[in-house]
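Features as listed in TrEMBL:
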type     : residues           : note
DISULFID : 50-66              : disulfide bond
DOMAIN   : 80-231             : domain 'Cupin type-1'
BINDING  : 125, 130, 135      : oxalate binding site
BINDING  : 128, 130, 135, 177 : Mn(2+) binding site
Ligand SMILES: *[C@@H]1O[C@H](CO)[C@@H](O)[C@H](O)[C@H]1NC(C)=O
């Protein structure tokens, strides 16, 4: 986006000029915070690695503190156990095993992570979005019906496919997507995500299971449902 970048540069320049001419220190700090927050996005690392370390005395700075590089070892980049299926004995019949910066501290600032997804026969990974990452999924076992829905601007089009082992599908960042095992045997997929912690918003849980609950009248109108049905859904998904 060269045009957008150009605009940011202009804003940056004029803010700096203003700061210099009037020496408005508090405004300067605020302006800098805005400038840098515009760019906050799993940034390119400024060093070989920045292995995450918990520092309870520090402030949260949109990421993690780096471990002293001298103390870093191979374990910081290692995870074992992605060969083990997750337990799919639950309401939706699927289980996501996440390998992100919480499991591998060496992923800090790298902008990538990984998941294993297990599906019971006819199980599903229900509609959800990742607010911070695109996803590329490869099916290794079973048959999946997968899809995502584009934004309002694109008229909420559904892009869907039935995948066989070896097939790969992409879910662009922020789009609502799902996978359903349409076979009689368990299915297994692995997926890479373009964030050290892409986040998950499961639509049903976020909308009907928020804490505290959204006013049922609001959801009744929004989803064109009887408030009675909304309350039933809230009871099911609620905290
Ligand atoms: C996923 O599987 C793990 C390992 O078996 C289990 O501890 C966890 O409770 C499962 N999660 C769900 C949502 O079923």
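Cβ coordinates come from backbone N, Cα and C, glycine included.
Just so you know, TrEMBL annotations are computer predictions that nobody has curated.
DSSP assigns residue 135 (oxalate binding site) to a strand in the three-state reduction. Residue 177 (Mn(2+) binding site) has 125, 130 nearby among the recorded positions 50, 66, 125, 130, counting only those with a Cα within 10 angstroms of its own Cα.
The Mn(2+) site is set by 128, 130, 135, 177; from the centre of their CB atoms, other residues of the chain with a CB within 8 Å are 129, 148, 171, 175, 176, 198, 200. Cα of residue 130 (oxalate binding site) to Cα of residue 50 (disulfide bond): a distance of 23 Å. Summarised as a single figure, the pLDDT of the domain 'Cupin type-1' (80-231) averages 97. A 10 Å cutoff on Cβ-Cβ distances gives residue 177 (Mn(2+) binding site) a total of 22 other Cβ atoms nearby, all chains included. Listed in sequence order, 176, 177, 178, 200, 201, 202, 203 are the same-chain residues six or more apart from residue 128 (Mn(2+) binding site) with CB atoms under 8 A from its CB.
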